[in-house]
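**Student:** My questions will all concern the structure given below.
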Amino acid sequence: MTIKPLIILPDPVLRQQSKLIEQVDAEVLRLADDMLETMYDAPGIGLAAIQIGVPRRMLVIDVAREGEEKTPVVFINPEILKVSDDISTYEEGCLSIPDYYAEVERPASLTVQYVGRDGKQQTVEADGLLATCLQHEIDHLNGVLFIDHISRLKRDMVIKKFTKAARAKI
C-alpha cells in the first residue's frame with residue numbers, strides 16, 4: 001500500500017467526471033488499498049479516486065469514531081438510487097480543500113447501489129454521517145465539490161484563497 005499525494009483546490013482535475021470501472025481486478029484492489037492508506041494518513045473519513053488524480057468511479061469511506069475498530073468500505077461505481085425528502089445539515093470538510101469547513105444541507109438518508117471489493121453488486125441504506133459522506137464523495141466522482149453547495153460568495157472566497165496559495169507555491 002502506498003500513500004498517494006492529494007489533489008488540492010484549485011487543481012482542475014477535481015472537476016473531471018470519473019469513468020466507470022469495468023472490472024474489479026488486482027489493479028483496482030491495489031488502488032482501493034492505496035486510497036484507504038491515503039485517507040487514514042490524512043486523516044479523513046472518505047476519499048474519492050479523483051482526489052489522488054485517478055478519474056475512476058471509486059471511493060472509500062470509514063466513519064468509525066476515533067478509538068473504535070476501523071470499518072473501511074470500498075464503493076466501486078456507486079449510484080444513488082433514492083434520497084429522502086428530509087434534509088440534514090453537517091459541517092463538512094474535504095481533504096482537497098484543507099482546513100476549510102462549512103455547513104452543507106443534504107438529504108438525510110439515501111439508498112446507494114455499488115460494487116464491492118468482491119466484485120458483487122450491493123446496496124446500502126444510509127443515514128446520518130454515512131449518508132452525508134456518501135453524497136460528498138459521490139459528488140467528487142461527478143466533478144462537484146462541497147463548496148458548490150454553499151453560497152456563491154463564500155465559494156468564490158474559498159477558490160480565491162486556494163488559487164492565491166497555489167500561485168505562491170510556484
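Note that Cβ sites are derived from N, Cα and C of the backbone, with glycine treated the same way.
Relevant sequence annotations retrieved from Swiss-Prot are reproduced here:
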{"type": "ACT_SITE", "residues": "GLU137", "note": "active site"}
{"type": "BINDING", "residues": "CYS94, HIS136, HIS140", "note": "Fe cation binding site"}
**Student:** Which residues, in sequence order, are found in the same chain with Cβ within 8 Å of the centroid defined by the Cβ atoms of CYS94, HIS136, HIS140 at the Fe cation site, excluding those residues themselves?
**Tutor:** GLY46, ALA48, GLN51, GLU92, LEU95, SER96, GLU137, ASP139, LEU145, PHE146
**Student:** Taking 10 A as the limit, how many CB atoms besides its own sit near the CB of HIS140 (Fe cation binding site)?
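**Tutor:** The answer is 25 other Cβ atoms.
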**Student:** In sequence order, what residues of the same chain, 6+ apart, have a Cβ less than 8 Å from the Cβ of HIS136 (Fe cation binding site)?
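**Tutor:** Correct list: GLY46, GLU92, CYS94, VAL104, ARG106, PHE146.
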**Student:** Tell me, by DSSP, whether CYS94 (Fe cation binding site) is helix, strand or coil?
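**Tutor:** Going by the DSSP assignment, CYS94 (Fe cation binding site) falls within a strand, counted as strand.
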